[in-house]
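> This is the structure I want to talk about, given as structure tokens.
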Amino acid sequence: MAAEVQLSSNMRKALLVLNCVILSIGNCGGPLVMRLYFVLGGERIWFSSWLETVGWPLILVPLIITYMHRRTKQDSHAKLFFMKPPLFVASAVIGVLTGFDDYLYAYGVAKLPVSTSALIVASQLAFTAAFAFLLVKQKFTSYSVNAIFLLSIGAGVLALHTSSDRPTNESNKEYYLGFVMTLAAAALYGFILPLVELTYKKTKQAITYSLVMEIQMVMCFFATVFCTVGMLVNNDFQAISREAKEYELGEAKYYLVVVWNGIIWQCFFLVSIGVIFSASSLVCGIVITVLLPVTEILAVIFFREKFQAEKGVSLALSLWGFVSYFYGEIKDSKKKKNPTSETELPQTVNP
């Protein structure tokens, strides 16, 4: 039994590492490819948000592989899908919220430089921590409170001083609306991550990785349906062929950018809930935040974006907040593994 527990623990750690690696690709590559679409002539925000989850059929590949593996062991008794109706409904609701979040984020990326939007998205960790406290009773420490404060200040610095990096032919109103929409996207996704974790905890069936993939497929399907409605209302489908012909890189590369947009974002969404399954919603928020400097550097290199002093201050505050939070988590983890005394209260506050 101990060997099985150890194997399960090792497998969970291996899944966590693999998910974090793929999440890095999606988290850094997704904003860059999306911005590439807008910078070189793309204008359809609903279409761009639709691309974030339209790659959901890719999840069928690992689901079919795991099903065939079960068939070799269980013959005809192997189930094709594990999801029960209550979990399906919950996943569908989260999917609709994800679709709305996709639109908010795509609007921000369309109006803001990647280096700016990435710094705003860093505030997601603060929202994730707050909603995790409310939904899944995640405990606050002095370190997590400090992290939330620093991330909030970092976003405030950007709000007050970064209009100088406003793209040409864009009004101040559009720029600040993009800022607000990106902040709203960070807040909503900070709510979605703990909501997924709460769904895991409340469901009355065993949570396996196959079930996690089913949940993600349903979420992305309903997010895609939500964005499809937006595209139909906005006549985006009719505009795609015209936009492709006018794209600066040419029609063929337009569709190449579009396809990779869908693939890279699917990497992000699939493994984000994989990280929640292997660890927690807060760990997922931490990984997304720690990749911030990488996205910043890539945006400056590929898009020649300005990196003013206020962005440097915001980046430093964001990283300081991350280090504070991560240090607190390490101390808390060590404390749980090595209690100092049996006579102490079961829950002690970190100094």
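If you go along the chain as it appears here, the first residue is 1 and each next one adds 1.
Heads up, the Cβ atoms here are built off N, Cα and C, so glycines get one too.
Keep in mind the model is a prediction, meaning the values are calculated, not measured.
TrEMBL feature annotations, pasted as is:
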- 16-39: transmembrane segment (TRANSMEM)
- 45-68: transmembrane segment (TRANSMEM)
- 80-100: transmembrane segment (TRANSMEM)
- 112-136: transmembrane segment (TRANSMEM)
- 143-163: transmembrane segment (TRANSMEM)
- 175-196: transmembrane segment (TRANSMEM)
- 208-234: transmembrane segment (TRANSMEM)
- 254-277: transmembrane segment (TRANSMEM)
- 282-303: transmembrane segment (TRANSMEM)
- 309-328: transmembrane segment (TRANSMEM)
> How about long-range neighbours of the transmembrane segment (112-136): same chain, 6 or more residues beyond its ends, C-beta under 8 Å?
31-32, 35, 105, 144, 147-148, 151-152, 154-155, 158, 162, 165, 167, 175, 178-179, 182-183, 185-187, 189-191, 193-195, 197-198, 201, 280-282, 284-286, 288-289, 292, 295-296, 298-300, 303, 305-307, 311, 314-315, 318, 321-322, 325
> Please work out which recorded stretch in 45-68, 175-196, 282-303, 309-328 has the most C-beta pairs separated by under 8 angstroms from the transmembrane segment (208-234)?
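Out of the listed stretches, 45-68 contacts the transmembrane segment (208-234) most.
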> If I count Cβ-Cβ pairs under 8 A between the transmembrane segment (45-68) and each of 16-39, 175-196, 254-277, 282-303, 309-328, which range comes out on top?
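Looking at each of 16-39, 175-196, 254-277, 282-303, 309-328 in turn, the most contacts to the transmembrane segment (45-68) are made by 254-277.
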> Does the transmembrane segment (16-39) make contact with the transmembrane segment (175-196) through 3 or more Cβ pairs under 8 Å, each pair 6 or more apart in sequence?
no
> Would you kindly list the residues that approach the transmembrane segment (254-277) from elsewhere in its chain, counting only those six or more residues past its ends and only Cβ-Cβ distances under 8 Å?
15-16, 18-20, 22-23, 25-27, 29-30, 33-34, 36-37, 40-42, 48, 51-56, 58-59, 98, 193, 196-197, 200, 207, 209, 212-213, 215-216, 219-220, 243-244, 247, 283-284, 287-288
> State the non-local partners of the transmembrane segment (80-100) in its own chain: residues 6+ outside its ends, Cβ under 8 Å from one of its Cβ atoms.
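Distal contacts: 49, 53, 67, 188, 191-192, 195-196, 199, 202-205, 208, 210-211, 214-215, 218-227, 269.
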